[in-house]
Amino acid sequence: MKKWLEVSLGIVTSVGGFLETGSIATSAQAGAAYGFALIWAVVLGTACLIVLVEMSGRFAIASRYTIADGIRDRFGSNLFILVLVVMSIVNLMVLAAEIGGVALGLQFLTGWSFQWWALPVAFAVWLLLWRGTFGTIEKGVSALGLISLAFVVAMFVMGPPWRDVARGALPSLPDRNGAHYAFIAVSILGATISSYLFFFYSSGVIEEKWDKSYFGINRITATFGMAFGGVLAVAIIVLAAMVYPPRGIEDIESYDQIAMILTPALGAWGIYIFSLSLLITCFGAALELSLAQAYITAQGFGWNWSEDAKPKTDPAFSLVYTVAIVIAVIPIAAGLDPLRITIFSMAITAMSLPLGVIPFLFLMNDETYVGEHTNGWMGNAVVLFIVGLAFALAIVTVPLQVWGG
Amino acid sequence: MHLVRDVLDKQLVDRTRVRVGRVDDIVLRLDERRRPKVEALELGMSTLVRRLLISVGLRRLARSSSGGYRLAWSHVERVGVDITVDVDRRDLPLERWQQWLRRNVLRWIPGGLS
């Protein structure tokens with residue numbers, strides 16, 4: 001029974017890392033501009049994510065090492081420093097976007113500008129990390145995150161044409177503005193397959209002390225946890241497709257437009273439920289990103305680390321997330337548009353993807369780490385496909401940002 | 001034992017299984033019959049910077065940087081998945097630096113030393 005509760009690691013990874021400001025914004029844009037046509041991007045991204053998250057969990061269970069440990073160990077300090085630098089830039093940018101998401105949620109609830117909420121939000125994130133344990137954070141976020149199921153409820157209330165929704169799950173070419181279509185598809189994939197999830201999840205496995213009896217639980221956790229996020233993202237596309245075009249909105253320009261996505265289905269409560277969902281999912285993501293940053297740094301340099309330990313025990317680890325939060329709050333407190341930061345951060349996440357994915361090809365086939373739990377040919381074929389996809393994304397992101405963004 | 005594969009970049013732990021850093025470099029010395037012997041492990045950020053400089057072709061700059069902390073090979077107890085060393089971690093650079101952080105940074109943050 002206790003083991004089954006562990007699936008919450010997957011839900012929290014998903015609530016925090018999957019459905020967050022990036023997925024909400026890109027899904028809403030996709031639905032508004034192209035109806036159900038881009039659902040396939042979420043489906044594809046989720047499938048890739050499930051495979052990679054399962055592998056990062058399997059790696060940690062089999063080797064007692066995290067992905068960051070593995071990178072330093074297997075590829076040496078130079079590649080680790082490259083990964084650290086790139087991931088730090090991406091993480092800080094996405095962390096800023098998530099702090100902005102929480103602050104926007106509070107703005108919609110209270111009417112006070114997100115800018116004023118930036119510092120209190122950052123403080124709350126930090127305080128929870130400073131005083132809390134991995135377990136309380138994990139269980140708290142996954143329980144509260146269930147509120148985002150409201151998107152799925154709203155989807156059923158709206159009663160979409162299911163046949164068209166199903167057709168959207170298959171890739172199709174747009175009838176107009178191909179560059180913009182491709183840009184949103186890339187952003188969705190970038191928002192879905194985020195490298196920091198692998199670092200976070202594999203560290204979570206060690207924090208939760210999963211032993212070798214957890215391979216099955218890991219598979220279930222990865223699959224259901226990430227599918228949970230995928231279903232929510234699809235629900236947002238469906239809602240956006242039904243809410244915006246009839247009202248003449250094809251291009252989402254501000255979060256105010258996204259905030260009304262639940263109103264047609266849930267009435268006056270819609271805005272509050274949306275704001276709470278935004279607030280909680282982004283808060284989860286902010287916790288996860290701050291921790292991921294501290295995990296990568298500490299593990300790569302060989303410091304002692306654990307979210308369960310007191311800051312006094314591992315000061316270096318605790319100060320990494322502290323500094324990350326302090327840096328990331330600056331753009332939001334300065335009043336930069338969170339939606340813009342979000343869109344931009346999804347694009348650089350997509351660009352950094354090869355660096356996050358290629359290590360899997362080596363680590364998951366190295367018996368010195370995973371013993372008999374290496375990838376099968378199918379697992380390797382999927383990783384190769386994702387590496388190819390990652391390179392394609394990395395190359396097309398910049399041109400698409402110029403022509404289609 | 002394969003030095004690069006089994007020792008370099010590996011996790012160092014003390015006897016109480018606390019992580020105390022990684023093997024950032026390996027110091028070899030030629031003995032009187034000109035055979036290389038492992039003398040010490042080198043630890044520290046400056047060592048990592050030196051490795052980075054060498055690999056991007058800035059050898060001269062790398063040579064000018066001072067090395068990190070040297071931990072004599074005789075302190076190595078066991079080379080396994082992690083490398084166990086029999087030293088007091090308060091003597092190692094990581095713990096000294098963390099001690100500095102406790103004294104100069106954490107004490108100013110509420111809850112930092114509780």
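Here the Cβ of each residue, glycine as well, is placed from N, Cα and C on the backbone.
Predicted automatically and left uncurated, TrEMBL annotations should be read as such.
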Original post:
What range among A:8-26, A:255-273 does TrEMBL record as transmembrane segment?
Top reply: A:255-273
Original post:
How about the transmembrane segment (A:141-159) and the transmembrane segment (A:255-273): at least 3 CB pairs under 8 Å, pairs 6 or more apart in sequence, or not?
Top reply: yes
**OP:** Decide whether the stretches the transmembrane segment (A:37-55) and the transmembrane segment (A:109-129) have at least 3 CB pairs under 8 angstroms, with pairs required to be 6 or more apart in sequence.
**Re:** no
**OP:** Would you kindly check A:109-129, A:179-201, A:222-243, A:255-273, A:382-403 and say which stretch has the most C-beta pairs under 8 angstroms to the transmembrane segment (A:75-97)?
**Re:** A:179-201
Original post:
Top stretch among A:255-273, A:343-362, A:382-403 for CB pairs under 8 A with the transmembrane segment (A:179-201)?
Top reply: A:343-362
